[in-house]
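Presented below is the structure to which this report refers.
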Amino acid sequence: VKGMMKNKHLAESVQQQCFHEFRRQIEYKSNWNNIRFILADRWFPSSKLCSCCGKVKKDLKLSDRTFECECGNIVDRDYQASINLKKYGENVLESAS
């Protein structure tokens, strides 16, 4: 796999395959344990969405590790994403019932 990742023509498809297998395993294990699996939309701005005020920070770069909003919310971008994905899942469950 290392050699394939060095080939610029193959690297992206190899990387996508790894993510696909990871997702497939998570979905399989969730179903096996009777846990509902909720997949967020690919373009859901989990890292760029303020969990306090709901404003989307479009200019946030991947190198920006801290999310800072005009409303005063300052938090690690990964933690921010986890809060937003939790809310996303809760909204999906609420709308399903």
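Positions of Cβ are set from backbone N, Cα and C atoms, glycine also.
Look at TrEMBL and you will find 19-85 tagged as domain 'Cas12f1-like TNB'.
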With DSSP as the yardstick, break the domain 'Cas12f1-like TNB' (19-85) down into helix, strand and coil residue counts.
23 helix, 8 strand, 36 coil
What average pLDDT is reported by the model for the domain 'Cas12f1-like TNB' (19-85)?
95
